[in-house]
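Chemist: Encoded as structure tokens, here's the structure I'll be asking about.
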Amino acid sequence: MESVLEYAKAMGKSTGLVVTSQINHATPASYVAHVPQRRMYNEIADSYFDAKIDDQFKVNVMLGGGWQYFIRDDRNLVEEFQQAGYQYIDSYAQLETIDNHNVLGLFADRGLPAALDEGNPDRLKDMVQAAVSRLETNDKGFFLLVEGSQIDWASHANDVASTMAEMDDLHRALLWLETYVSQHPNTLVVVTADHNTGGMTMGERAGGYRWEPAYLRQFSASPRTIAVTHAEQTWDPASLNQQLGFTLTKEEMAVLQPAHKEGAKAFYQAIKQVVDQRTNTGWTTGGHTGVDVPVFAFGQGKEQFIGQMDNTDIAKKLFAMLGRTPENESNKP
């Protein structure tokens, strides 16, 4: 089964993947790889090099994490891509030095650090900007997948501070894309999600129907990192206050101090409990939910994404925009 990215590539367009997970994680892999199981990470990485369209690599620009899958004892895919003409980078600073149409950028062993731990609030925006600068040189156009991958991961953990930081990471990238589309009106951006995760609710607790996100803006690290760091140290509420960005009450310390003695996992859960109480946030699950997810679009053809639709209709609309029709699924120039 051919993906939208593969069809775009077959039409002669340039293609790219920009994600905050490893680049061979489920979402990016679904556009490029064909394997029986999503966790076949090495095989997926191999296919990025081995599987081609018209003797061309499927993806011109790949930016995200994944050292452990692309630099292995049995195969060094980074070296193979370099020998095939790709420019390889492994730091965000190098994004400004890209001068090749084909780029492989890996910035972490697996997924990128959590946005709250990164220290670069524009990391996704910078990756998107660098990718577009390479892809737009193709006069036939380009297809780019962008994923704020760790919104899902943070929501699985019911970690509202990390979830909102990952959302902000994506938001900054979308602001740049909105400006880009205003200057390149023949470009279409479609924004959606494959599912909801966590069933986050606002105003769920005793504070009434009011959300207090201000507490989320002061974290100096992710709650998980704070928990791991403090679990290895003696109880230090002053340092904890500094990292959380607010002063703990006696009631909150009564929740946190016993959990601190139990180790990082229990302490992480307790920190999330305190933050949920502070912000008036609730959760319904640690998994996915079945609620409808929003679809936003801007640029040329945006009106086709108005209204409620099946998720597969989005793919059908994108295929149609690229020129493929149900009557002729092999319709290529």
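Even glycines carry a Cβ here, placed using N, Cα and C.
TrEMBL labels come from automatic prediction, so no person has curated them.
The feature Mg(2+) binding site is assigned by TrEMBL to His25, Thr27, Glu147. Taken from TrEMBL, the feature Zn(2+) binding site applies to Asp152, His156, Asp194, His195, His288.
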Chemist: Tell me which residues of the chain lie with their Cβ under 8 angstroms from that of His156 (Zn(2+) binding site), as long as they are six or more apart in sequence?
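Modeler: Non-local contacts for His156 (Zn(2+) binding site): Thr197, Gly198, Gly286, Gly287.
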Chemist: Asp152 (Zn(2+) binding site) has how many other Cβ neighbours within 10 Å of its own Cβ?
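Modeler: The answer is 22.
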Chemist: List the other residues in this chain whose Cβ sits within 8 Å of the Cβ centroid of the Zn(2+) site residues Asp152, His156, Asp194, His195, His288, in sequence order.
Modeler: Ser155, Ala193, Asn196, Thr197, Gly287
Chemist: Validating a neighbour-count step here. Other CB atoms within 10 A of the CB of Glu147 (Mg(2+) binding site): how many?
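Modeler: The Cβ of Glu147 (Mg(2+) binding site) has 23 Cβ neighbours within 10 Å.
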Chemist: Determine, to the nearest whole angstrom, how far the Cα atom of His195 (Zn(2+) binding site) is from the Cα atom of Glu147 (Mg(2+) binding site).
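Modeler: If we compare the Cα positions of His195 (Zn(2+) binding site) and Glu147 (Mg(2+) binding site), the gap is 13 Å.
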Chemist: Excluding His25, Thr27, Glu147 themselves, which residues in that chain have a Cβ inside 8 Å of the centre of the Cβ atoms defining the Mg(2+) site?
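Modeler: Here the non-site neighbours turn out to be Val19, Ser21, Ala26, Pro28, Ala29, Ser30, Leu145, Ser149.
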Chemist: Let me know the most crowded of the binding-site residues, choosing from His25, His195, His288 and counting other Cβ atoms within 10 Å.
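Modeler: Most Cβ neighbours within 10 Å: His25.
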Chemist: Of all the binding-site residues here, Thr27, Asp194, which one's CB has the most other CB atoms within 10 A?
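Modeler: Of the binding-site residues Thr27, Asp194, the most buried by Cβ count within 10 Å is Thr27.
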